[in-house]
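S.K.: Handing you this structure, nothing more for now.
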Amino acid sequence: MTTPDGIVSALAVALARQSESHADCPLFNDPYAQVFIDAALSRGCQLPSDETSERINGIANYASSRTKWFDEYFIAAGAHGLEQMVIVAAGLDARAWRLPWVAGTTLFEIDHPGVLKFKNEALHEHGESPSVSRYVPVPADLSDGWSERLRDAGFDVSEPTAWAVEGLLPYVADGPHLLFDRIHEISPAGSRLAVEAVGTGVADWLSTQGWQVTVIGAQELMTRYGRCGDHSDTDAGMDTVFVNATRDR
């Protein structure tokens, strides 16, 4: 197994989750973050520099709060009867392995082919199996034909779906984007969508499309989880909001 290009940023977030897992009172437990770190090191990947590590530590409270919020979102979606989940740009978070999924759930993970290959090979070599009933990796470039590849992988466009868009701020910074057009097109009534976004543009657009939307700011979220930290965290989440939407029609 080789380490794919672009994996360093995903490893940086994995380092933040690994750190939170060892906190005195962690928001979540992610034993798989260390699996990815070890797999990357064993294949000659350089971990982030000291300067980058300092920046990671500086946004640790924000990153941990974000992870917790998306974890709770998926658990709530399952409790409300949704059995089809999609994570867009899943990165190296092993939610398919670490969350307590409802029996019968199918989880699709969309990401670049190299990232998914690295992720699944690392976990397989470590002897890990998904906790979700059906896990389906979908290798795709988000700029080209991802929704077609998702359908080809078995995605049911008639079934209400819980979507998550996390860590894609450059793509969703200015409101409606082709990504959300496509999600809207293949999401029937009863579907849910969780988005980490900059500003309220995404929330405003979803509201016009018939989604019921709630929004919480990053600072409020960190306070809720007892992770309201230093100035770096404050700067990181200054304009970030977390959007939770349900499609009624």
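Here the Cβ of each residue, glycine as well, is placed from N, Cα and C on the backbone.
What Swiss-Prot records for this protein is below:
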- Asp111, Asp141, Leu142: S-adenosyl-L-methionine binding site (BINDING)
S.K.: For S-adenosyl-L-methionine, what surrounds Asp111, Asp141, Leu142 with a Cβ no more than 8 Å from their Cβ centroid?
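M.R.: For the S-adenosyl-L-methionine site, the extra neighbours are Ala89, Ile110, His112, Ala140, Ser143, Trp146.
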S.K.: Check the binding-site residues Asp111, Asp141 for other C-beta atoms within 10 angstroms of each C-beta and report the one with the most.
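M.R.: Buried the deepest by this measure is Asp111.
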